[in-house]
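**Q** What follows is a single structure, and I will ask about it in a moment.
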Ligand code: FAD
Ligand code: NAI
């Protein structure tokens with residue numbers, strides 16, 4: 001008889017492994033199937049996020065930031081560096097070991113929470129007697145049965161037509177995280193999150209980076225004032241960003257890649273680079289899942305169709321994370337995983353899409369939650385704005401990192417916080433206060449009246465809240 005489970009999760013990324021752990025915490029007999037292999041063929045749970053996404057990119061961002069500080073920032077502190085060098089192989093090796101610590105951590109968490117882990121590909125076989133048969137194809141093959149199935153199969157990088165990834169010259173996020181030597185010239189197609197983060201890594205290490213973006217506006221999802229500041233700073237750092245381009249062809253030759261494109265003025269251009277990163281978004285992944293076997297409904301882009309509660313068209317089949325609608329973010333996937341496990345247990349799991357933070361880990365970091373000023377204008381909402389620059393923050397001055405600002409948007413009548421936008425040092429950490437405030441429906445005045453430690457970057461948050469009422473104390 002096949003092994004039987006209450007809940008089987010297909011996919012062990014941040015959505016899937018967290019869903020399996022929460023299901024087990026709630027008393028279910030839970031299993032998680034994940035096919036990712038490490039370089040020795042062993043299991044590497046954690047999905048895109050752990051293996052070729054959030055974690056390794058932040059490891060390289062940290063290494064490259066240290067290098068840049070050592071080369072350009074230390075002198076101001078009276079620290080001199082002679083003969084600065086970077087060992088790329090060591091940097092990549094460190095990143096790989098950070099990834100492995102996370103893979104091993106998840107395997108440990110499965111054991112701790114009594115989640116059964118299967119290393120292999122999970123695919124639907126049939127729906128039978130109120131349950132689902134799922135085949136696991138790994139080193140061995142077996143079929144297991146589940147009352148509830150959570151699909152968490154994630155996403156893959158979108159290819160540019162006519163420019164397939166070879167991960168040698170034309171790189172997805174995977175190849176972009178393991179370039180063996182700093183390319184002299186690096187091209188990036190797409191100035192979204194990956195383009196900016198990976199472009200920053202390799203620029204800091206010495207590459208001449210050109211980013212080609214189709215849209216005429218830079219960072220359209222961010223608040224316009226943040227996008228404007230970011231464009232100014234990135235340009236000064238040496239990131240060459242061309243907007244409004246139309247790629248007409250990509251030639252992958254022996255000595256590098258040539259990109260042909262029409263620029264914003266309509267002129268034909270050609271860019272020759274040693275390596276090309278293509279980061280033009282990601283597509284939902286259901287390869288090998290065999291959704292047809294049970295009639296699982298996908299949309300025209302291949303994403304699993306779900307309602308607000310992550311229910312699919314099939315009873316007791318749920319889907320979460322990058323494989324469904326909504327932002328492709330690890331923390332969104334995790335929140336959906338927890339909510340679905342709780343719904344299966346008859347509880348009221350909930351994900352508040354209005355308070356999902358966004359972070360871009362460039363330098364300066366960019367982070368926001370809630371509405372942008374342009375969205376509020378478009379929605380006809382009456383609002384007040386308050387802004388405070390890091391230039392006037394004592395801790396930022398001591399750090400030597402005074403770029404950027406914190407900006408609050410609050411309802412003109414009720415003062416409820418509608419959005420917070422930060423560009424500056426440690427924006428990724430500072431944004432949490434705004435998320436908590438918005439989750440509790442706080443007003444700007446609430447934040448303005450809370451005691452913030454001195455000297456700290458968070459005082460800029462308090463001051464931006466005060467600025468909503470035009471009563472900053474330090475600016
Ligand atoms: P995934 O992480 O993609 O995991 C899906 C897993 O399912 C994979 O392990 C896959 O092998 C497995 N799988 C697929 N099909 C099957 C099958 N049939 N059987 C068994 N296993 C299967 N997000 C952030 O929030 N912050 C960041 O800083 C951030 N940085 C990123 C940097 C990069 C370079 C990239 C590419 C992405 C980044 N993201 C970041 C996005 C984040 O990685 C994704 O949103 C997140 O991983 C989605 O989680 P998931 O669980 O839905 O899917
Ligand atoms: P993205 O959606 O962030 O950006 C893609 C960019 O490519 C857009 O600006 C788009 O206009 C542009 N583009 C699309 N087609 C193009 C074309 N043919 N020519 C030129 N430009 C084109 O996607 P990206 O950077 O690939 O990242 C995928 C997702 O991964 C992100 O949306 C995000 O959800 C996640 N991610 C999150 C990170 C974080 O939270 N810090 C870091 C990296 C990725």
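For all residues, glycine too, the Cβ spot is worked out from N, Cα and C.
TrEMBL entries are annotated by machine, without manual review.
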**Q** Given that TrEMBL annotates 190, 191, 192, 193, 194, 195, 196, 197, 213 as binding NAD(+), state which candidate in 122, 130, 266, 281 belongs to that site as well.
**A** 281
**Q** Restricting the comparison to the recorded positions 58, 153, 155, 328, 454, which residue's C-alpha is spatially nearest the C-alpha of residue 196 (NAD(+) binding site)?
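**A** Smallest Cα separation from residue 196 (NAD(+) binding site) among 58, 153, 155, 328, 454: 58.
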**Q** For residue 196 (NAD(+) binding site), what is the tally of other C-beta atoms lying within 10 angstroms of its C-beta?
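**A** 24, counting other Cβ atoms within 10 Å of residue 196 (NAD(+) binding site).
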**Q** When neighbour density is defined as the number of other C-beta atoms within 10 angstroms of a residue's C-beta, which of the recorded positions 58, 454 has the lowest density?
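**A** Counting other Cβ atoms within 10 Å of each of the recorded positions 58, 454, the minimum falls on 454.
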**Q** For residue 153 (FAD binding site), list the number of other Cβ atoms lying within 10 Å of its Cβ atom.
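**A** There are 31 of them.
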**Q** What residues, ordered by sequence, lie under 8 A Cβ-to-Cβ from residue 155 (FAD binding site) and sit at least six positions away in the same chain?
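**A** In sequence order, 48, 282, 283, 284, 285, 322, 323, 328 meet the Cβ cut-off.
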**Q** With the Cβ under 6 Å from ligand 1 as the test, give me the qualifying entries from the recorded positions 49, 213, 328, 330.
**A** 49, 328, 330
